[in-house]
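According to TrEMBL, the protein has these features:
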{"type": "COMPBIAS", "residues": "469-484", "note": "compositional bias 'Acidic residues'"}
{"type": "DOMAIN", "residues": "2-145", "note": "domain 'SPX'"}
{"type": "REGION", "residues": "464-490", "note": "region 'Disordered'"}
{"type": "TRANSMEM", "residues": "247-268", "note": "transmembrane segment"}
{"type": "TRANSMEM", "residues": "280-303", "note": "transmembrane segment"}
{"type": "TRANSMEM", "residues": "315-332", "note": "transmembrane segment"}
{"type": "TRANSMEM", "residues": "338-356", "note": "transmembrane segment"}
{"type": "TRANSMEM", "residues": "377-399", "note": "transmembrane segment"}
{"type": "TRANSMEM", "residues": "411-431", "note": "transmembrane segment"}
{"type": "TRANSMEM", "residues": "509-534", "note": "transmembrane segment"}
{"type": "TRANSMEM", "residues": "540-560", "note": "transmembrane segment"}
{"type": "TRANSMEM", "residues": "572-592", "note": "transmembrane segment"}
{"type": "TRANSMEM", "residues": "604-621", "note": "transmembrane segment"}
{"type": "TRANSMEM", "residues": "666-690", "note": "transmembrane segment"}
Amino acid sequence: MVAFGKKLKERQIQEWQGFYINYKLMKKRVKQYANQIEVGTQDRQHVLKDFSRMLDNQIEKIVLFILEQQGQLASRLTKLRERHDALEEQPEISQITELREAYRAVGQDLLKLLYFVEMNAIGLRKILKKFDKRFRYRFTDYYVKTRANHPYSQLQQVFKHVGLGAVVGAISRNLHELQDRQGSYLSIYDPPALPLQDPVVDAIKAAVDRLTFSTNFLNFLAQHALIMQEELPAPADERIDEEKYHFMSLLLNLANTFLYMVNTYIIVPTADDYSMSLGAAATVCGIVIGAMAVAQVFSSVYFSAWSNRSYFRPLIFSSIVLFVGNAMYALAYDMNSLTVLLLGRLFCGFGSARAVNRRYISDCVPLKIRMQASAGFVSASALGMACGPALAGMLQTNFKIYKFTFNQNTLPGWVMAVAWLVYLMWCWISFKEPSRDIEEPNASGSETTANGALEEGKQPLLITSEEKQVDDEDPEGDGSEEAPEESRQPATSFMSAYRLLTPSVKVQLLIYFMLKYAMEILLSESSVITTYYFSWSTSTVAIFLACLGLTVLPVNIVVGSYISNMFEDRQILLASEIMVCIGILLSFHMIIPYTVPQYVCSGLIMFVSAEVLEGVNLSLLSRVMSSRLSRGTYNGGLLSTEAGTIARVIADATITLAGFLGQSQLLNVTLLPSLLICVASIVATCFTYNSLY
C-alpha cells in the first residue's frame, strides 16, 4: 500500500503530466499554513482565501485541459459522422468495420480522459479532507457549495463531468448503429433497444459509474454488506476478477447467507416453549437463542483467517457443523437435555461462514457486478430473517417416527439439518475454488472491511471530511509525502486493529452495537412478552416476526431512493437514533394496561428505525474506516461483525438474567439498558461530529 501522492505519480499519463493536480505541492502548502498559524504569522481568514485561490487555479488548469481534450474528441467524432453518413448511401463491409474501429479508438481515448478526471477528483477530495482535518474547519462544505452551484462553476466539470456525457452518448449511439442488426432501425433511445455488446462501451460506462455518485436503492443496499476496495484499482484488477469469477460459487455463498439467517431466527418463536418442555424457565430462551451468537464471536475470527487460504473448505466445514448442530438441537427433546440443546446452538454458531461469504464477494466478484452481489448478500440476509419465523409458524404439527419426536420445537432443527445436508452436497459438486495470489495471501487489496461499501468504485468524489477516514497517506498529519511501509500493513491482532480506529469510527461502532442490542431484545423476547401479555400463539408470534423482517427491503428502497437524496447521511443517522429511542420509550409498560397496538407500533418504530440506522451507519463507516483495515484477518468487517455479535450475546444474556425477577418485570428491565445505550450513542454522535470543527 503506497500513498496517494505516489499512486498519482505512478499512474499519470506521461504526456499529460503537467495537467494533473499538484497534490504534493498542496500538501506542503497545508503544512506551511498550519505552522504559520501556530507561530502567529498568519491569520485563519487569509489562509482560507489563499488556499481557495490555489485550489481555483489547480481546478482551472485541469478543466481547461479537459475541455481541450473534449474538443479534440468532438472534432474526431464530427469527421467520423461525415464518413458514417457517406456509408449509409453506399454501404461497404470493410469500411463499416474500419469506421467501427475508429469509433472504438475514440472510445479508448475517452477512457483515458475519464481516468484523468477520476484521479484529479480523488486528489481534490483528499486535499480538501486534509485541510479540514488540519484546521478543524468545514472548509469543504464552504468550498463545494460556493463553487459547485455557481453559474460559472469550473468545479462542476470535475465534480459532475459536465459535457463528457455527450461524447459518451455519441460513441455509444454510433457503435450501436454500426452493429449488424439485420435491417433493424432501432436506436439506443428506442424501448426496447437491442443490447450493444461492445467492450469499449462497457468500459466507458464502468468509468462513468465510478465518477458518478448516485445514491440509489441498489447502491444503498449494497453498503450494508460493508465491502471496500482500493480507491484507485489497478487496470489489471478487472481481468483478474474475471478469471476468478464463477457464478455458481457466488450463488452458493448467497445461499449460505440465506440459510444461516433462516437458521438463526427459525427458533425464535418456539425457544421459550422448548426451554419449558425441558424443565427450564421460559426466559432461558435468551441463552438458547444467544448461544449461537456466543459461538459466532469466535467463528468469525477463524473463518476470516481461513478465507485467506480457501473458500471451499470453510463452506464445507460450515455445512457439516451446522448439520450436526441442528440435529443435536432436534434430538435434545427426546434426550430431555437442556445441555444438548445449548450445545446444538453453539455448534450452529461455530458454523457461521458470513466472513467467508463477504470475503468471496470482495475478492472474487468482478467490479462491474460487485455492487449487485453485495446487494444480493444483504437481500439474502433480509429474506432469511423473514423466512425463519415464517417457516417456524408453518411447522405446527406433532407426530413420532420410531423414537424421534417431530413437533413445533424439534422440526426447526430437523428441517435445517436436512437443508444443510442438501447444501453440503450442492457445494461439494458445484463450488469452484478460485485461483489465489500465493505470494500475498493476507494482503489482498480488495478484502472485506467495514457495507461497504465502495462497490464498483461508486463513492462520492467530493465529500465532507467527517464522512471519510483519516488521511491514509499521511496518518500522522505531518505533511510527509508517504508513511513508512510498515504503517501500510494490515492489523495483526484485535488490539492493533483497535488502535487504528478514530473517534468517529468508535462512535459508529457504538451505534452499531446499540442497534443490534435493541433489535435482539425486541426479537428474542417477543415470544415470552406476547405470551405473557396477549396470550399469542406460536403462529401469531411467527407472523409478527416475519412481518418485521419483510420491512427490511421496502425500507431500504425508500431510504436509498428518496430520503438519502434529500438529507445528509449524518442527519439521517441522528434522526434514526432519535426514532429508535422513541420506539424504546413507547415500548415500556408503565401505569396503563399494555395493549397489542402499543407493542406492535413501538416494535415497528424501533425495528424500522434501526434498519434505516444500520444502512446509513455502515455507509458512513465504510468512508471513515482506515484502509489498513481493508485487508488481513482483523479487518473492519470483522470488527463490525464482532461488535454486532457481542451486542446480541449481551442482549440475550440480559433476557435470561432479567427472568429471575419474574416475567412481569422482564419487559421494562430489558428495555432499560437499551434506552441507556441509545441515549449514550446519541450524545456521542452529537459530541463527536461537533468536536470535529
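Positions of Cβ are set from backbone N, Cα and C atoms, glycine also.
Annotations in TrEMBL come from automatic prediction, not curation.
Remember, it's a predicted structure, so these values are computed and weren't measured experimentally.
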Please indicate, using numbers and ranges, the residues of the same chain that are 6 or more beyond the transmembrane segment (247-268) and have a C-beta under 8 Å from a C-beta there.
274, 288-289, 292, 311, 315, 318-319, 322, 326, 329, 345, 348, 351-354, 356-357, 360-361, 364-365, 373, 376-377, 380-385, 387-389, 391-392, 412-413, 415-416, 419-420, 423, 426-427, 430-432, 434, 523-524, 526-527, 541, 545, 549
Taking pairs 6 or more apart in sequence, does the count of Cβ pairs under 8 Å between the transmembrane segment (377-399) and the transmembrane segment (411-431) hit 3 or more?
yes
Dominant neighbour of the transmembrane segment (280-303) in 338-356, 509-534, 572-592, 604-621, by Cβ pairs under 8 Å:
338-356
Of the listed stretches 338-356, 540-560, 572-592, 604-621, which one has the most C-beta pairs under 8 A with the transmembrane segment (666-690)?
572-592
Mind tallying the domain 'SPX' (2-145) by DSSP state, helix then strand then coil?
126 helix, 0 strand, 18 coil
Grab the pLDDT values for the domain 'SPX' (2-145) and give me their mean, rounded.
80
Which bits of the chain, at least 6 residues beyond where the transmembrane segment (572-592) starts or stops, bring a Cβ under 8 A of a Cβ in it?
511, 514-515, 518, 522, 533, 559, 563-564, 598-599, 601-607, 609-610, 612-613, 616-617, 620, 667-668, 671, 674-675, 678-679, 681-682, 685-686
